[in-house]
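Report on the following structure.
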Amino acid sequence: MFSRVRGFLSCQNYSHTATPAITLPSSGSANFAGVEYPLLPLDQHTPLLFQWFERNPSRFGENQIPIINTQQNPYLNNIINAAIIEKERTIGVLVDGNFSAGQKKALAKLEKQYENIKVIYNSDLDYSMYDKKLSDIYLENIAKIEAQPANVRDEYLLGEIKKSLNEVLKNNPEESLVSSHDKRLGHVRFDFYRNLFLLKGSNAFLEAGKHGCHHLQPGGGCIYLDADMLLTGKLGTLYLPDGIAVHVSRKGNSMSLENGIIAVNRSEHPALKKGLEIMHSKPYGDPYIDGVCGGLRHYFNCSIRHNYEEFCNFIEFKHEHIFMDTSSLTISSWR
């Protein structure tokens with residue numbers, strides 16, 4: 001199986017190589033905006049996490065693993081490759097979809113073939129502690145806007161929130177942040193549950209009752225990788241500013257925070273909790289823009305007067321043993 005994976009990977013014909021001469025941070029501190037943040041460790045046993053939410057399981061065979069695995073997008077092989085390279089780590093795969101019995105058996109077989117792979121069904125986890133009723137969010141925002149002076153009040157936004165409140169009260173008064181995202185399609189739902197899993201950290205593996213996870217400590221962290229991130233070697237022990245880092249996309253002279261990699265050294269990291277607070281306080285919050293980027297910028301006090309490029313460099317997850325964002329070289333097959 002190892003040779004098949006390696007052979008498959010070698011056929012991808014990527015035109016780039018791993019970023020050369022990366023200097024990985026070691027223990028010490030990192031400075032942003034005049035504040036020193038300790039570089040906290042994620043050791044070699046911190047679990048990795050991949051995620052695959054499949055909207056259309058019928059596009060796979062009845063007894064096939066329902067994760068894309070083509071020459072252009074070898075996502076399943078990337079997961080297997082990570083499990084082979086990082087034998088000492090638990091490799092979580094958070095899945096969701098209306099899978100057939102045969103597809104579930106195929107996922108169970110994957111766990112037997114690679115004992116450090118742990119398939120976790122999203123429906124097996126309890127996210128109620130991170131939930132909030134939409135009506136409460138709307139009512140709080142209505143009160144906040146109505147308390148503003150009339151000359152600065154956003155009447156259009158106020159009207160839209162009142163419409164949303166009326167719709168919720170009419171159709172489903174118990175509708176919540178979690179249940180509403182469960183109805184969403186596309187990357188928004190994908191991103192939302194990723195954030196919640198990372199808030200749980202290692203606790204999610206323990207909650208799911210996965211065999212062989214007894215070595216994970218409650219309250220520990222997790223390293224999320226998009227399935228198009230390709231490992232070429234062990235990650236080792238990582239040192240991150242206050243125990244968190246994310247992927248940074250670089251295109252030409254521009255850069256942006258991305259959620260293709262999110263690494264945290266502990267459950268309920270305060271930056272992600274701040275992002276959840278924003279989601280709880282905004283009428284139309286976004287799990288990427290608010291839950292990740294907003295949470296990071298609030299927690300590390302990165303305001304508009306600070307240099308965004310400097311913040312990206314500060315919070316960036318860097319590693320010479322990862323090919324970053326390989327889907328940008330082909331076409332993402334997630335749909």
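Backbone N, Cα and C atoms are what each Cβ position is placed from, and that goes for glycine too.
Considering ARG6, ARG153, ARG189, ARG297, the record held by Swiss-Prot lists ARG153, annotated as N-beta-linked (GlcNAc) arginine. According to Swiss-Prot, of the candidate residues ARG59, ARG184, the site noted as N-beta-linked (GlcNAc) arginine is ARG184. According to Swiss-Prot, of the candidate residues ARG250, ARG266, ARG305, the site noted as N-beta-linked (GlcNAc) arginine is ARG305.
Ranked by CA distance from ARG184 (N-beta-linked (GlcNAc) arginine), the recorded positions GLN51, PHE53, TYR224, ASP226, GLU258 have PHE53 at the top as the closest. Under the three-state DSSP scheme, GLU258 (active site, proton acceptor) falls in the strand class. Sparsest Cβ environment among the binding-site residues PHE53, TYR224 (other Cβ atoms counted within 10 Å): PHE53. Looking only at Cα atoms, ASP226 (UDP-N-acetyl-alpha-D-glucosamine binding site) sits nearest to GLU258 among the recorded positions ARG153, GLU258, ARG305. Its Cβ placed at the centre, ASP228 (Mn(2+) binding site) has 22 other Cβ atoms within 10 Å. A coil conformation is recorded for ARG305 (N-beta-linked (GlcNAc) arginine) in the three-state DSSP classification, outside any helix or strand. The shortest Cα-Cα distance between GLN51 (UDP-N-acetyl-alpha-D-glucosamine binding site) and any of the recorded positions ARG153, GLU258, ARG305 is the one to GLU258.
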